[in-house]
Amino acid sequence: MVKSFFITGTDTDVGKTLVARTLLLEFVAHGIQCAGYKPISAGCARTPDGLRNLDAVLLQEAANLSLPYDMVNPYAFEPPIAPHIAASEARDAITLKGLSDGLRQIEQAGAELVVVEGAGGWFLPLDRKHLLSDWVKQENIPVIMVVGAKLGCLNHALLTFAAIRNDNLPVAGWVMNRLYGSMSHYQENLDTLRGLLPAPFLGEIPFVNNPLEADLRGRLDISPLL
């Protein structure tokens with residue numbers, strides 16, 4: 001049976017792609033045939049090959065299962081706005097079935113493990129009736145939560161964790177990502193979350209100037225995920 005993990009964050013721009021990419025590299029190092037799946041992206045660049053999202057490209061490159069871009073990122077939109085608004089403007093529709101069909105295609109392509117990266121935070125609208133979290137719940141995918149270390153992260157992390165658990169989904173682990181070179185009382189914030197979050201702590205991502213170019217293998221403990 002193919003294993004999947006869904007990467008969510010306490011906010012947008014907290015390092016979901018960085019963590020997803022790092023996890024993929026770790027799984028590859030363990031000899032697991034894995035793929036990245038970024039089903040929804042906005043803010044894509046126009047290229048000769050079509051719309052391309054940097055986050056999705058990074059997942060595509062980190063995986064050891066070679067897949068065409070459109071399989072990694074089936075819903076790609078150019079405007080850097082909420083995806084459901086971008087989809088409406090493009091006269092497109094993001095559907096639960098479409099998301100599931102994309103995941104099934106990757107599974108059938110030979111993946112043993114799929115790292116699925118969400119968009120935005122946990123409650124990302126797909127339209128006026130559905131959320132991306134509805135799909136994660138439908139697929140029953142264990143969740144990995146990325147906490148962006150900044151003022152307010154305690155509340156954001158606890159709210160996100162509670163929302164995931166309220167959807168009856170397991171939190172397979174969580175990661176603290178240092179967004180800035182310095183943060184007042186960073187260690188105290190981390191220690192507080194380690195005491196309050198009843199889920200495996202997979203590790204810390206240090207602050208780096210070019211995070212998406214950094215090789216952070218060895219920073220995360222994937223043993224709880226294997």
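Glycine too: its Cβ is placed from the backbone N, Cα and C atoms.
Here Swiss-Prot flags 13-18, Asp55, 117-120, 177-178, 206-208, Glu213 as ATP binding site. Annotation comment: Swiss-Prot describes Thr17, Asp55, Glu117 as Mg(2+) binding site, evidence class sequence analysis. Swiss-Prot lists Lys38 with the feature active site, giving sequence analysis as the kind of evidence.
Everything Swiss-Prot records as a feature, shown here on the structure.
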residue : record              : contacts (Cβ under 8 Å, 6+ apart)
Asp13   : ATP binding site    : Gly148
Lys16   : ATP binding site    : Ile7, Thr8, Gly9, Asp55, Glu117, Gly118, Val146
Thr17   : Mg(2+) binding site : Asp55, Leu58, Leu59, Glu117, Leu212
Lys38   : active site         : Asn53, Asp55, Ala56, Leu59, Val72, Asn73, Val116, Glu117, Ala119
Arg178  : ATP binding site    : Ala149, Tyr186, Glu204, Ile205, Pro206, Phe207
Val208  : ATP binding site    : Ala214, Leu216
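In the three-state DSSP scheme, Arg178 (ATP binding site) is classed as strand. For Asp55 (ATP binding site), the count of additional Cβ atoms within 10 Å of its Cβ stands at 22 [all protein chains shown]. Taking the Cβ of Ala119 (ATP binding site) as centre and 10 Å as the limit, one finds 24 other Cβ atoms among all the protein chains shown. Listed in chain order, the residues near the Mg(2+) site other than Thr17, Asp55, Glu117 are Ile7, Lys16, Leu18, Ala20, Arg21, Gly36, Lys38, Ser41, Ala56, Leu58, Leu59, each with its Cβ within 8 Å of the site Cβ centroid.
According to its DSSP assignment, Glu117 (Mg(2+) binding site) is in a strand.
Of all Cβ atoms in the shown protein chains, 30 besides its own fall within 10 Å of the Cβ of Glu117 (Mg(2+) binding site). Under DSSP, Thr17 (Mg(2+) binding site) is assigned to a helix (H, G or I) in the three-state scheme.
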